[in-house]
Amino acid sequence: MTKYIFVTGGVVSSLGKGITASSLGRLLKNRGLKVTMQKFDPYINIDPGTMSPYQHGEVYVTEDGTEADLDLGHYERIVDVRTSKYSNVTTGKIYQEVLEKERRGDYNGATVQVIPHITDMIKKKIMRAALTTDSDVIISEIGGTVGDMESTPFMEAIRQMRREVGEENVMYIHCTLVPLLHAAHEMKTKPTQHSVAELRSIGIQPNMLVLRAEQPIDQEHKNKISTFTDVPVDRIIESIDAPSLFDVPLAFQKQGMDQKVCDFLHIDSPKPEADMEAWKKLDDRAKNLKHHTKITLVGKYVELEDAYISVTDALQHAGYLYNTKIDVDKVQAEDITEDNIAKIMEGSDGLIVPGGFGTRGLEGMITAIKYARENDIPFLGICLGMQMASVEFARDILNLEDANTTEAEPHCKNNIIDIMADKRDEENIGGTLRLGLYPAALKKGTKTREAYGDQDVIQERHRHRFEFNNKYREAFEKAGMVFSGVSPDNHLVEIIELPKKKFFIAAQYHPEFLSRPQRPEGLFKSFIGAASGLPEQEF
């Protein structure tokens, strides 16, 4: 029987529910259990695909082409599992499916209401994740905080789950904040008490508390919280601010969190305890890196940390392999000119230009890429970065001064980058991109193929609607550009490289989505190797 763990939050947002859920998932997985992660978002958008990165941060893409919350990236990187369309559900998606059923007459004329129709659809999504993955444990994170109007249907649905699948198969974990008043040097438990009271008022008694705090919580405060919340003191877990993300699962294990979860849910795991030795080595390496490598990231959304979270994480993952800390210098593409690019790139060991949409900042990206190419600075382009590298090459090497992408200039004469043929007639923006996992055949003798361990074909995740225009392929090849990765039918250009450069590779896909702390993605690994000039150092 699948076990269901629901992670909720109270007091304030951004408490680290996703990290808590991921850390627990890692511990349970390392006990030999099959774990599936799930995130419920209470916003009315169908998915985050059309949301501004400044509003939502990065849009994560799953293998099956779902545009999802960035927390799914945390799940995949920390737990090392693959997520799917069942892993991210929004209020908008729930209402859309319910209304479609109503229009088809599936409800036989019934009055469609939040209870039972919306809550039933939410429960269906939870159980569908269990059925499609055959998992031992489903960990579902509920976005927002307890008491939010938007979260009410999700809270009601998970309350009903206890009756649907049996109390012995459901566990509620509630994350709250225990603030420290610096002036009084005193921790306050009242916010936690009120948050749990709010949760209990809708019929959910938490079975475990995870307390976010700046410093360790003494036994007296834990006893007080236990008394007021009716949660046994041994199931009150501290989540202290940590210097490294990798510390969190280890801190939870030290407090016996995974064992307490297994005991509560009567789980007999294949392994008596989580084997975290490899994780400890990773944590030790991350804290004691011996070198520094500076990478300049030129992007459109650099003001928001979360906008490129998978990219910056992938850079760090590669850095661990070379025992070097990656110092990422984020530069707003709009601010770059021919006059200041040399100053911006001063002391930089490499340039990365990640994905994005729209026309803003494109000329700055092109200027940065040109500087990297002419000065043989290792360069990695991703999605839009690959497209701008192609435009730069056409302008400066092929002397096609008006070369551009039709995203920026719809009627340009030399449309090096053009909209994909099957996307021309799409009227909607949302859900109309080339999304998900696609194969790329790698050319022998290229640095790209070497980066991927001499594989013939790789599978990578995409999110774009524009592509390289094939009518320019011959001219590019004659000028020295190598198309080192193409679709198996040779129709779509997936990877370009300049073989005479130290490292100049750009991919149409998003390699950052497949990077893991203990398994850096191939292009990132080779890019940091070239930028740092260091040998690999296994750990």
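Glycine residues also receive a Cβ, built from the backbone N, Cα and C atoms like all the rest.
Going by what Swiss-Prot states, the ATP site holds Ser14, Leu15, Gly16, Lys17, Gly18, Ile19, and the candidate of Asp69, Asp71, Asp80 recorded there is Asp71.
Of the residues Ser13, Ser390, Ser484, Swiss-Prot puts just one in the CTP site with Asp148, Met149, Glu150, Lys188, Thr189, Lys190, Pro191, Thr192, Gln193, Lys224: Ser13. Within 8 Å of the Cβ centroid of the ATP site, not counting the listed residues Ser14, Leu15, Gly16, Lys17, Gly18, Ile19, Asp71, the chain contributes Gly9, Thr20, Ala21, His74, Glu141, Cys175. Taken together, the residues in the region 'Amidoligase domain' (1-267) have a mean pLDDT of 94 on the 0 to 100 scale. Of all the binding-site residues listed here (Ser14, Met149, Pro191, Gly356, Arg465), Gly356 has the Cα closest to the Cα of His510 (active site). Ser13 (CTP binding site) sits 32 Å from Leu384 (L-glutamine binding site), taking the CA atoms of both as reference points.
The Cβ of Lys188 has fewer other Cβ atoms within 10 Å than any other of the recorded positions Lys17, Lys188, Arg465, His510.
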